[in-house]
């Protein structure tokens, strides 16, 4: 959270406030951004699946209108969440990232996973409830580790076939049941590039709402092994000198922060700050 944005469970029965609208194509925007007067937005011809009270931005209540489909609204368009992450007001991006996670979770938990009956929102906590099963479902968060492996002035970067052409990044992967973040790190590095690491240090974390990851950032030192790329997962992996790096991930991502932080420390430059 930030001084401007705090999440909260708000009753949609209350009036007023701001609202954001999310469709399969992203968030509704106009020349002023993605926040709209709630009363005005609810008067538009929108196919609303559900409404969620999600928190306060600059002291004002904020609600999410989760839509079944995209609609035409005069003077407005639709914009994907990633573009908000890359540029603009980062506090607003956090509002939209939270909204996206809540909208995705509630959409995917409309029916009980045990008995198949419809679930209802609990008004006093962020949960969906099945009365026949007495079962609560809470928002999903998927812990993932992301690590910069270093060897003196060299850093180990890789690229996936899914990356933007030419871009290299740090190694990352989801934690498995029963694993610590450190266990996950060692396993993922070994699986993806067949390298062993040591001196694992936690650096920081970042919410990654695509759709519901929590990125746990680490630095680790190379301990041994030759790079062997995991088929279908790693397109290329190699050591790069900190003074001769390839195209890198977006500046607001934790992947870029891990790289920039290490380069700054090796070069005696001011350390960057991780956007939170």
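The backbone N, Cα and C atoms fix where each Cβ goes, glycine too.
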Among 173-194, 195-216, 217-238, find the range that Swiss-Prot records as motif 'Nudix box'.
173-194
Determine which of 66, 125 appears in Swiss-Prot for the same substrate site as 82, 138, 206, 207, 208, 209, 210, 211, 212, 213, 255.
125
Give me the count of other Cβ atoms within 10 A of the Cβ belonging to residue 82 (substrate binding site).
12
Measuring Cα to Cα, how far is residue 233 (divalent metal cation 1 binding site) from residue 133 (Zn(2+) binding site) in Å?
40
List, in sequence order, the residues of the same chain other than 112, 115, 130, 133 whose Cβ lies within 8 Å of the centroid of the Cβ atoms of the recorded Zn(2+) site.
113, 114, 116, 117, 119, 131, 132, 135
The number of other Cβ atoms within 10 Å of the Cβ of residue 130 (Zn(2+) binding site), counted over all protein chains shown, is 20
Please give me the CB contact count at 10 A for residue 172 (divalent metal cation 1 binding site), counting all chains in the structure.
24
